[in-house]
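Student: One structure, pasted below without further comment.
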Amino acid sequence: MSARPLALTLGDPAGVGPEIIVKAWRALSQDGPPFLVVGDAQALTSAPAAAGVPIRTVGRAEQALSLFRQALPVLDLPLTTDVVAGQPSGAHAPQIIRWIETAVGLALVGAVGGVVTAPIAKAPLYEAGFKFPGHTEFLAELTAPANQPGARGPIMMLTARDLRVALVTIHEPLARVPGLITIERVVNAGLVTAQALRRDFGIARPRLAVAGLNPHAGESGGLGREEIETIEPAVRALRDLGVDAQGPYPADSLFHQDARARYDAVLCQYHDQALIPVKMLDFWGGVNVTLGLPVVRTSPDHGTGFDIAGRGHARPDSLIAAIRLADSIAAHRLAA
Ligand SMILES: NC(=O)c1ccc[n+]([C@@H]2O[C@H](COP(=O)([O-])OP(=O)(O)OC[C@H]3O[C@@H](n4cnc5c(N)ncnc54)[C@H](O)[C@@H]3O)[C@@H](O)[C@H]2O)c1
Ligand SMILES: N[C@H](C(=O)O)[C@H](O)COP(=O)(O)O
C-alpha cells in the first residue's frame, strides 16, 4: 500500500458516483487503500447508502491517512445548485471540472499517490463548453507541463480479469477512425503500453498482440488496406524498438480464453473493439486506466448509471477494483 492517500473525484453528482463511493469506503475502510473524496460533502451525505457512514471534511490531503479508518474524508468543494438523482445538469459542470482539476493538482505536487475518478457524463459537460472528449484527454492537458519518463500518453487501457486492452484511438466517431490510424499513432500507443506494463504492472517482458482494423485483418488487402499500409509497418517498427509486438491479428479471435494466455495486452484500433470484450468478460470488475501520464489515474469501467441513481442498488465493485489498481500502480511507481 502506498504511503499517500488516493484522491477520488465525486464525478457526476446526479449519477451513481456518491452512492458507490460511500459503499467503497464501507468495503475498504478497515484494510483497504486510504482515499479522500474531492467533491461535495452534502452529495455524499445524501447518497442512498450513507446512513451510518461518518463523513468528515479535511483541509489537506495528508489528513486522510489518519482519518480514513474511522471516517470518509472529503475535501469539500460544494456545488452551488441542487442535485436531483438521475437528472444530469450542465449547472454542475464547473464544479465537476474543478474536482478533477483539484485532484490532479494534488497528484502533481505529490500530496496524493494517484487519482481515481467516479464517472462523468460527457453530454452535460459538452453543453457547458467542456472541450475534451473525456477524463483521459482532459488529464493529458492538465498534466502536459509535468515531466513524463518514457513515451507520453494518454493511452486508454481497460483491464478485466486476465484481459488488458489499450486503444490507438479513443473517443472518436467510427467514421473518423480509419483516417486517424497512422504508423506514428500505433507505434506510440504500443510503446506507451509496453512501458506502462513494465513500470505500472511489474511485467518484465510484456507481450503485445496488435488487432487489425478490418474483418479478417484485411484478408491480404481484399477487405481493407490499413493492415498492409499502416498497422504491419507499425508492428515492425515496434519490434525494432525492442517491443515484443505481434500482429495485426483478426480481432474476432483475439479475446477468447486460450488466446488471452498468449499476450499481456491487446492493442486495439478503436473504442468498441476494445471495450466490448472487457465489459462482457467482467463488467463489475473492469477498470479504466490512463497510461503514459505523470499521474496515476484509474476509473470504473461503467458510466454514471442515471437510470438507477438514487435507488440504492448500484454496485461499487468496479470502483473498488479501480481504487485497488491505482494503489498498486502507485506502489510500483514508488518502488521503481
Ligand atoms: N469512467 C467514466 O467516467 C465513464 C465510463 C463509461 C461511461 N461514462 C459516461 O456515462 C454516461 C452513461 O453511459 P452508459 O449509459 O453508456 O453506461 P453506464 O455504464 O452508465 O450504464 C450501462 C448500464 O449499466 C448499469 N450500471 C452502471 N453502473 C452501475 C453500477 N455501479 N451498478 C449497477 N449497475 C450499473 C446502468 O444502470 C445501465 O443499465 C455517458 O455519458 C458516458 O459518457 C463515463
Ligand atoms: N470510454 C470509457 C468507457 O466507455 O468506459 C469512458 O467513456 C471513460 O472515458 P474517460 O475515462 O476518458 O472519461
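Glycine is no exception: its Cβ is also placed from the backbone N, Cα and C atoms.
No curator has checked TrEMBL annotations; they are predicted automatically.
Taken from TrEMBL, the feature substrate binding site applies to His135, Thr136, Lys279, Asn288, Arg297. The divalent metal cation binding site annotation in TrEMBL covers His171, His216, His271.
Map the listed features onto the structure and describe their local environment.
Tutor: Neighbour count (other Cβ atoms within 10 Å of the Cβ, all protein chains): 24 for Thr136 (substrate binding site).
Sequence-distant neighbours of His216 (divalent metal cation binding site) (same chain, six or more apart, CB under 8 Å from its CB) are Leu223, Pro250, listed in sequence order.
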Student: Sort out for me which one of His135, Lys279, Arg297 has the most neighbouring CB atoms within 10 A, since those are the binding-site residues we care about.
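Tutor: Its Cβ has the most other Cβ atoms within 10 Å: Arg297.
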Student: Those binding-site residues, Thr136, His216, Lys279, Arg297: which ones have a Cβ sitting under 6 Å from ligand 2?
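Tutor: Checked binding-site residues vs ligand 2; flagged Thr136.
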